[in-house]
Amino acid sequence: MTELTITTPDDWHLHLRDGELLANTVPATAEVFGRAVVMPNLVPPVTSVEQAEAYRQRILAQRPPENNFQPLMALYLTQNTSLETVRAAAQNPHVIGFKLYPSGATTNSDAGVTDVDGLDNVFAAMAELQVPLLVHGEVTTADIDIFDREKVFIDRHLRPLMQRHPNLKLVLEHITTADAVAFVESQGSNVAATITPQHLLMNRNDLLVGGVRPHNYCLPILKRRDHQLELRRAAVSGSPKFFIGTDSAPHAQSKKETACGCAGCYSAPAALPLYAEFFEQMNALEKLEDFASGFGADFYGYPRAATKVTLVREPWRVPEVVSTAVGPMVPYWAGNLLNWQVK
Ligand code: NCD
Ligand code: ZN
């Protein structure tokens with residue numbers, strides 16, 4: 001196969017950041033993807049519908065001419081999120097749901113949730129109004145090893161949450177473990193998961209063997225190979241519960257290559273070719289379309305795109321560095337070959 005035409009994909013988990021960087025991040029995604037769920041972990045966080053609307057306008061202002069990219073805004077859940085905000089979110093067509101960051105779990109999560117159970121009335125309202133809850137599933141306490149944080153979050157918080165609110169629409173974001181795959185598979189069709197390219201293509205050896213690789217450092221952290229293999233199985237299984245979400249998370253080169261580097265892989269410049277690489281490795285290119293362009297839209301209740309994109313099998317090298325408004329950035333997979341490119 002040398003050409004592959006699929007329905008235009010969507011990115012169900014994306015960090016665009018704000019300010020001048022939008023001039024780089026918005027076109028990078030909008031040139032390939034029709035819609036994207038835009039993460040709200042700005043400083044200050046996007047906690048209200050009004051803030052989300054203003055942020056959406058800043059994003060739309062950077063859309064290339066004639067491009068119809070649609071940002072779908074996630075609101076940042078805090079310990080103070082009110083029922084009124086849940087109702088306002090339910091009524092707003094541009095807001096897709098709430099993102100739960102356990103406080104301290106990741107980049108700009110300080111304002112996140114400190115007591116999941118304390119928000120039970122908010123989750124009840126979300127379940128009733130069918131407002132999706134998007135979850136960064138990691139505990140943050142010092143006594144739990146970083147490689148176990150996803151599994152412990154699922155056991156401590158997610159299973160009980162779904163028992164209390166069986167109709168809650170929940171997406172476990174950027175899953176990294178066999179435990180997460182098993183949890184999602186054990187739940188009804190109202191529970192799904194996104195999977196990033198780095199968690200499909202890599203495991204913790206790619207982070208640590210032969211030297212520490214800051215550009216492969218993201219959260220949740222890459223896990224051991226057994227877990228990677230289970231994610232790979234889930235992604236090609238044809239189950240509609242698993243779909244694309246790049247978690248493209250740009251940080252300046254200087255913030256990654258330093259003594260205390262930021263977490264996040266800037267995958268947007270090569271996002272769809274990265275997934276194509278994975279599906280080709282699995283001999284399952286015919287499964288790419290549902291994963292990238294179908295299951296996520298179905299889950300969230302959006303129509304699949306009416307437009308198409310074409311990938312061609314012409315190997316290319318991801319640039320070592322891309323220049324942005326905030327300085328050089330090293331994209332994920334920098335300097336390495338990919339077999340497929342977007343025509
Ligand atoms: C993300 C970021 O930089 O905003 N980083 C990451 O490693 N994935 C936040 C997140 O999704 O955890
Ligand atoms: Zn993210």
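For all residues, glycine too, the Cβ spot is worked out from N, Cα and C.
So that you can see what the record holds, here are the features copied from TrEMBL:
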| type | residues | note |
| --- | --- | --- |
| ACT_SITE | ASP247 | active site |
| BINDING | HIS13, HIS15, LYS99, ASP247 | Zn(2+) 1 binding site |
| BINDING | HIS15, LEU16, ARG17, ASN41, HIS136, LEU219, HIS251, ALA263 | substrate binding site |
| BINDING | LYS99, HIS136, HIS174 | Zn(2+) 2 binding site |
| DOMAIN | 11-301 | domain 'Amidohydrolase-related' |
| MOD_RES | LYS99 | N6-carboxylysine |
For HIS13 (Zn(2+) 1 binding site), what is the tally of other C-beta atoms lying within 10 angstroms of its C-beta? 26
Cβ neighbours of LYS99 (Zn(2+) 1 binding site) where a neighbour is any other Cβ within 10 Å: 27
Translate the DSSP assignment of HIS13 (Zn(2+) 1 binding site) into the three-state scheme. strand
In the structure shown, which of the binding-site residues ARG17, HIS136, HIS251 has the fewest other Cβ atoms within 10 Å? ARG17
Cβ neighbours within 10 Å, counted over all protein chains: which one of the binding-site residues HIS15, HIS174 has the most? HIS174
Other C-beta atoms that fall within 10 angstroms of the C-beta of ASN41 (substrate binding site): 21
Looking at the binding-site residues LEU16, LEU219, ALA263, which sits with the largest number of other Cβ atoms within 10 Å of its Cβ? LEU16
Any idea what the model's mean pLDDT is for the domain 'Amidohydrolase-related' (11-301)? 98
So how many other Cβ atoms are close to ASP247 (active site), meaning within 10 Å of its Cβ? 26
Are there binding-site residues among ASN41, HIS251, ALA263 that sit within 10 Å of LYS99 (Zn(2+) 1 binding site), Cα to Cα? If so, list them; otherwise say none. ASN41
Within 10 Å of HIS136 (substrate binding site) by C-alpha distance: pick out those among the recorded positions HIS13, HIS15, HIS174, ASP247, and say none if nothing qualifies. HIS174
